[in-house]
Amino acid sequence: MKKMLTVLFLVMISTSLFAEPVLKKLKGENIPFSSLKGQWVFINYWASWCESCIGEIPALNQFAKENKKRATVFAVNYDALPTTQQLSLVRQYNILYPSLQNDPAKELKLGDIRGVPVTFVFDPQGRLVETLYGPQSVNSLNRILASD
């Protein structure tokens, strides 16, 4: 019995250590990170008090719309506000790309996020390949896709 409990315990630990990252949208949908393989993933951290964050939203909207077959853009609220507040801000600032309820920084090993805006870029194989500090433009984001 002891041996069986030990094996069960080890299986549980190894499963939790290698658990797949799951992104959770504000409206509740869970997206396994592995389901995004084959396309570029841009995870943009922003805050409502950050002028340059608000200023880059139209560019992120345009980029997401123009590249929806090759890339997915996600917004993450830096302040981790309650879902209802985040939904209100998404409407207020007309964020058209999906917003995440959970902060994926730990699961995706993004490190400490100390300022916004910052955008993390994952290539189609799911590898973190760029960390973009400051506001982005459609051109700066398209240059990354062109490097493929």
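Using N, Cα and C of the backbone, Cβ positions are placed for all residues, glycine too.
As annotated by TrEMBL, domain 'Thioredoxin' applies to 11-148. Taken from TrEMBL, the feature signal peptide covers 1-19.
According to DSSP, the domain 'Thioredoxin' (11-148) comprises 46 helix, 34 strand, 58 coil. Averaged across the domain 'Thioredoxin' (11-148), pLDDT in this predicted model comes to 92.
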